[in-house]
Amino acid sequence: MNATKFLVLLVIGVLCAIVTARQVKDLSTETKLGASLPKTTTKGIGAQLSATGSTFSSSSVVSYANGFNNPKGPGANAFESGSTFTSGQVTAKGRKARVSSASASTATGEAAAAVTRKAAAARAKGKVASASRVKGSSEKKKKDRKGKKD
């Protein structure tokens, strides 16, 4: 490559760089972030007041008992299984937002089987209980004596 070609390519590169480098306009913070704050907000804090909560509770129990008498003799079997599941979610925004969530569940079961030489007996019972509670509150800004907001 000779010096003339190099100089021409260098000038073209500089011109392209100048053309593509435009002055960036000053944008508002709202435009840059892609979000807009309502005019009613005070410094953007405490504008949205909300308190939400959810909770879920589930219980299950399986009790099984079997007694039988066949030609080979009496027999019995029993099975018991219980399971519980609880979950909760809490979201609080704004000034003095409070949320409490609680859930509880229990599962109990009983299974029994008895066998004698001439007879078989079986018994099964199960009990489940679930409870859930959610409380939430949020306070708005109060006006002071002069009529100004906090």
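Quick reminder: no glycine exception, Cβ is built from N, Cα and C everywhere.
Residues 119-150 are the range that Swiss-Prot records as region 'Disordered', among 23-54, 119-150. When DSSP labels each residue, the compositional bias 'Low complexity' (119-135) comes out as 0 helix, 16 strand, 1 coil, counted as helix, strand and coil in that order.
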